[in-house]
Amino acid sequence: MVTMLFKKLSDASEAEMKKLISRGSGLADVGETVSSVLSDVRVRGDAALREYTKKFDKVELAGFEVSEAEFEEALSGVGPELLEHLKVAAANIRVFHEAQLPETTWFMEVQPGVVLGQKATALESVGAYAPGGRASYPSTVLMTVIPARVAGVKQVIVCTPPRADGSIHPLTLAAAKVAGADKVFKLGGVQAVGAMAYGTETVPKVDKIVGPGNVFVTSAKMQVRNVAEIDFPAGPSEVLIIADDSADAAMVASDIIAQAEHDPNAVSVLVTTSEILAEAVRQEVLLQAENTARSEIVKTSLENAAVLISDTLEQSIDFSNKFAPEHLEIMVEDSDFVLNRIKNAGSIFVGNYAPVPVGDYASGTNHVLPTAGYARIYSGLNINHFLKYSSIQKISKSGLESLKETIIALAEEEGLQAHADAIRTRFGYKPSK
């Protein structure tokens, strides 16, 4: 029997609200285990990778890197129609992320003789993690590799868990080829993150690790962030839907089910001003849960779901901003009213014909997004995750002279005499005398 939280938002207890909004990621529960695996990978390299792949993925591998022959076999096994669909999605992803590219170098004169600028430089290397296990995610390969390539990253590798026979799903390998990955490794979980962070005999160390994963992968990313930069915590998937009586109950329910099939820990929430819609969605969710292919996962996930009835649209918006969802769907008559008031959301889907799967696969926006409330402080994966910025100063003698007294006064106030003298020497002062 599926049980979802169903009540008026104003009647929900403090404990119920805290559970929904905090929706604990479980990072603390797995931290010690993750730390142990990471340490082992750092010390023993490939030997540790083989051991953990056998333990967690139940497969013994002779080697981790996907060979060219395996790529060719995979591509021959993917039908031309499916390959074309990959290319359609890839094209949209590429166009959207190209639009995000900043001017490589720019300058401005803030006052005569003082020219300032900024230079954007791509990272040298990036490791993309694509989950496996319950399903293969070629779409995640596109979402992580293509922006890195658009940004100009020189080396992009992919780690994804092997199947029971030691292979990688052909469509995942096809996606890696379409996206432009340099290498693909048959590695998943904590050990994959450790390999990319520290480097092993086989896996090169990277500057940054991006991509979603389960709580173990997320914990691993958080723990290695002083060795290799990461994008953000991206754990179990979630959606919050703001709807009014103009929304279609079957559509809303199908979007809840779609999110629930990702993972038993996925979170799906509807907040609506319509009691009639709320009840209709609840009934529709129960019906659809029985008939979907991944019914058991969906039913488990729905234990984390909620249907909440708000007094006003403003109350719905306020709750959404506190919840800070990974995915936010807006299915109301006046969508701009809601959109303009949203502060915290990873990706926003506006209207009845913009369900989350559109962004998951083919619209072109990125589906690697912060979860568990981290949308309050993080942006979804974008071109800037693959770039770093250097500020530039071009100062003439007259420009420095105009700032001389200000710099000297502030440096001396901070007790940094040599800083002040570095300015004076450019105007005849000899600090050695």
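Here the Cβ of each residue, glycine as well, is placed from N, Cα and C on the backbone.
The feature active site, proton acceptor is assigned by Swiss-Prot to Glu326, His327. Feature annotation from Swiss-Prot assigns NAD(+) binding site to Tyr129, Gln191, Asn214; the stated evidence is sequence analysis. The feature substrate binding site is assigned by Swiss-Prot to Ser237, Gln259, His262, His327, Asp360, Glu414, His419. The annotation Zn(2+) binding site is assigned in Swiss-Prot to Gln259, His262, Asp360, His419.
Mapped onto this structure are the features recorded in Swiss-Prot.
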| residue | record | Cβ contacts under 8 Å, 6 or more apart |
| --- | --- | --- |
| Tyr129 | NAD(+) binding site | Thr144, Val158, Cys159, Thr160, Ala192, Val193, Met196, Ile209, Val210, Gly211, Pro212, Gly213, Val217, Lys221 |
| Gln191 | NAD(+) binding site | Val37, Val41, Ala48, Leu49, Tyr52, Thr53, Phe56 |
| Ser237 | substrate binding site | Pro212, Gln259, His262, Asp263, Ala266, Val267, Glu326, His327, Thr371 |
| Asp360 | substrate binding site | Ser139, His367 |
| Glu414 | substrate binding site | none |
| His419 | substrate binding site | Ile407, Ala411 |
DSSP three-state assignment for Gln191 (NAD(+) binding site): helix
Site with most surrounding Cβ atoms, counting all protein chains shown within 10 Å, from the binding-site residues Asn214, Gln259: Gln259
Local Cβ density at Glu326 (active site, proton acceptor) - other Cβ atoms counted within 10 Å: 30
For the recorded positions His262, His327, the one whose C-beta sees the most other C-beta atoms within 10 angstroms: His327
Other same-chain residues whose Cβ falls within 8 Å of the Cβ centroid of Tyr129, Gln191, Asn214, the recorded NAD(+) site, in sequence order: Pro131, Cys159, Pro161, Gly188, Gly189, Val190, Ala192, Val193, Gly213, Phe216, Val217, Ala220
